[in-house]
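Novice: According to TrEMBL, the protein carries these features:
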type: TRANSMEM; residues: 29-56; note: transmembrane segment
type: TRANSMEM; residues: 76-103; note: transmembrane segment
type: TRANSMEM; residues: 138-157; note: transmembrane segment
type: TRANSMEM; residues: 163-185; note: transmembrane segment
type: TRANSMEM; residues: 192-210; note: transmembrane segment
type: TRANSMEM; residues: 274-299; note: transmembrane segment
Amino acid sequence: MIIIMSNFGGDQLQVQRLMTLRNVKRSRIATYISTAMIVCFQLLCCLSGLVLYAYFRNCDPLTSSSRPIHSADQLIPYFISSTLGHLPGILGLCICGIFSACLSTVSSSINSLASIAAEDFIKPLFPKFNVNVFHIKVMSLFFGVICIALSFVIASLGHLVKMSVILVGNLSGPNLGVFLLAACTKTANEEGVILGLLTSIALASYLSFIPGRKTDPFLPLYNECPSFETIDHNTSYVSSFSGLQNNTNFMYSNASMSINELKADKEQTFHISYMWVSCLALFTCLFIGYFGSIVISFFRGKSKDVSEIHLSPIRIWFSKRKLKNNDVKSQKEKEEVELQMALTSSDRTTQEENSFIY
C-alpha cells in the first residue's frame with residue numbers, strides 16, 4: 001500500500017508520464033484509471049497465489065525429492081509449463097509479455113535517471129555546461145550498463161520478489177514521508193525533512209539487512225509428490241507433473257514440515273517482517289521530520305510562510321475550517337465584549353439618574 005502511494009504521489013516515473021498529458025484534468029483521469037487497474041492487478045496476483053496453492057496443495061515442488069524448481073520465483077513459470085506447455089505458442093506468448101512489461105518499465109526508469117542527473121546534479125554544479133540530447137543519451141547508456149551489472153548481483157541475493165519489496169520499500173516509505181510533510185504541514189523545513197529522510201532510510205536498511213538475520217521459513221506444507229518426468233515440447237524440455245491424484249502406484253516422498261520446526265530463534269534480538277519495514281520507515285520520517293523541523297525552527301527563528309499552492313487540498317480545507325472557527329470565535333468574543341460594555345454603560349447611566357434624583 002505504501003509503495004503504491006509513493007509511486008502515485010512521489011515517483012519520478014509516474015509524474016513524468018502524467019506531465020506529458022495536456023492538462024491537470026486529464027492527468028487526474030489517468031490517475032483514477034491507473035488506480036483502478038492497479039487494484040485489479042493486485043487482485044489478480046492474489047488470485048494467482050490461491051490457484052498455485054490449490055494446484056500444489058498435496059505436492060510442494062520446492063521440497064520434493066525431484067526438486068523441479070529451486071526458488072519460489074519459479075512457481076508461476078513452472079505452473080504455466082506444467083498446465084499449458086502442451087499448447088503451441090503459449091510459453092512464447094508469456095515470455096513476450098514478460099519482456100514487454102520489463103522493457104517498458106526499464107526504459108522509463110533509465111530515462112528518469114538521466115533526466116534527474118542532468119537537472120538536479122549537472123546543471124546546478126556546472127551551470128556553464130550546456131547539456132543537450134546527446135549528453136542525456138550517454139547518461140542513459142551509463143545507467144543502463146549499471147542496471148545490467150546490478151541485475152546479476154540482485155539475482156544472487158535470493159528471492160527476487162522479497163528483495164524487490166525490501167529495496168523498493170526502504171526508499172518508498174521515506175520518499176512518501178517527505179512528500180506528506182511538504183504537502184500537509186507548514187512547519188516542515190528543509191533541514192528537518194532531510195534529517196527525517198536519512199534517519200528513516202538508515203533504520204529501514206538496518207532492519208532489512210541486520211547482521212545475522214536468518215531467512216523466514218515457509219509455512220508447513222505437504223509434500224506427497226508423485227514422480228516427475230521430463231517431456232519434450234517442440235524440442236524444448238519442460239519439467240511437468242505426471243499427475244497430482246492420490247494413487248498407490250506412485251512413489252510418495254513425505255517431507256511435510258512440523259509446526260514445531262518453525263519456532264522463533266531465541267538468539268535474535270527482535271524480528272520484524274520485511275513487509276512492515278516501509279511502514280515503519282514512513283512513520284519514522286514523519287515523526288523525525290516534523291518534530292526536527294520544530295526544533296530547528298525554534299533555534300533558527302521564525303519559519304517562512306508557505307503558499308497554499310504547495311499544500312494539499314485537504315490541508316487547505318482544514319486551514320480554512322480552522323480559520324472560520326477562529327473568526328466565529330472572535331466574533332462571539334467581540335459580541336460578548338460589546339454586550340458587557342453596553343451593560344456597564346447602562347449601569348452607569350442608571351446610577352447617575354438615581355444620584356440626580358436624590
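Even glycines carry a Cβ here, placed using N, Cα and C.
Keep in mind that TrEMBL annotations are predicted by a computer and have not been checked by a curator.
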Novice: Please report, as numbers and ranges, the same-chain residues at least 6 past the borders of the transmembrane segment (163-185) whose CB is under 8 Å from any CB of it.
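Specialist: Tertiary neighbours of the transmembrane segment (163-185) are 2-3, 5-7, 9-11, 154, 157, 192-193, 196-197, 200-201, 204-205, 208, 274-275, 277-286, 289-290, 293, 310-312, 314-315.
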Novice: Cβ pairs under 8 Å with the transmembrane segment (29-56): which stretch of 76-103, 138-157, 192-210, 274-299 has the most?
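Specialist: Per the Cβ under 8 Å count, 76-103.
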Novice: Quickly jot the same-chain residues contacting the transmembrane segment (192-210) by Cβ under 8 Å, restricted to those at least six beyond its ends, or write none.
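Specialist: Contacts of the transmembrane segment (192-210) (Cβ under 8 Å, skipping residues fewer than 6 from its ends): 166, 169-171, 173-174, 177-178, 181-182, 272, 274, 277-278, 280-282, 284-297.
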Novice: Counting only residues 6 or more past its boundaries, what in the same chain has a CB within less than 8 Å of a CB in the transmembrane segment (274-299)?
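Specialist: Distal contacts: 2-3, 162, 165-166, 168-170, 172-174, 176-178, 180-181, 185, 187-189, 191-193, 195-197, 199-201, 203-204, 207-208.
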Novice: Going along the chain, which residues at least six beyond the ends of the transmembrane segment (138-157) come within the CB cut-off of under 8 Å?
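Specialist: Same-chain contacts beyond the flanks: 106, 109-111, 113-114, 117-118, 163, 167.
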